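Engineer: Submitted below is the structure of interest, expressed as structure tokens.
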């Protein structure tokens, strides 16, 4: 009888000691440019940040229209879930929402796959191809790591980078947006390590 009790106690202690360690990082979706109707244009990735920092969705408005979403790892410890913070910068209005669990900053629309322009059903213009995404990152010139995919060699000039025409936004405007988001402390951009 005592042997059964001892085995039972050892089993319980074994289960209690063998629990998986709690992760000390949060994993979030990362998309530097998401159009509400096209999905993630810049290539979707993931980012990690130490707890208790949040995942974030930053909605960018032009006048009263939602123009873009930026998804990534948040930086402000003062943000509480469901709080919204509004920041005005140039002609854009930024609204930041945070959440406190892995991948909680989910997509607002289905993520489309790149297709050849001119193919049936491509009237909306699809997200950038792999080589265009690489050029997009280079054109922003923010020392961002390249997305995790294999692409064809990118041409030297950035003139061939064509964002979907429905965006109505230049690379210079995008760069200004990302520099503001990073310098304001809203978003942790994944800087490339030397």
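Glycine is treated like the rest: Cβ placed from N, Cα and C.
From Swiss-Prot, here are the annotated features:
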DISULFID  28-55  disulfide bond
DISULFID  31-40  disulfide bond
DISULFID  47-73  disulfide bond
DISULFID  81-98  disulfide bond
DISULFID  99-104  disulfide bond
DOMAIN    26-118  domain 'UPAR/Ly6'
CARBOHYD  63  N-linked glycosylation site
CARBOHYD  141  N-linked glycosylation site
SIGNAL    1-18  signal peptide
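Each of the listed features needs to be described in terms of its position in the shown structure.
Structural biologist: The secondary structure of residue 55 (disulfide bond), as reduced to three states from DSSP, is extended strand.
Secondary structure from DSSP puts residue 40 (disulfide bond) in a beta strand.
DSSP gives residue 47 (disulfide bond) a strand state.
DSSP classifies residue 99 (disulfide bond) as strand under the three-state reduction.
Shown in sequence order, the list is empty: the chain has no residue 6+ apart in sequence with a C-beta less than 8 angstroms from the C-beta of residue 63 (N-linked glycosylation site).
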Engineer: Across the whole of the domain 'UPAR/Ly6' (26-118), what does the mean pLDDT come to? Round it, please.
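Structural biologist: A mean pLDDT of 75 is what the predicted model shows over the domain 'UPAR/Ly6' (26-118).
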Engineer: Non-local Cβ contacts of residue 104 (disulfide bond) (under 8 Å, 6 or more apart, same chain)?
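Structural biologist: Once residues fewer than 6 apart are set aside, residue 104 (disulfide bond) is near 28, 55.
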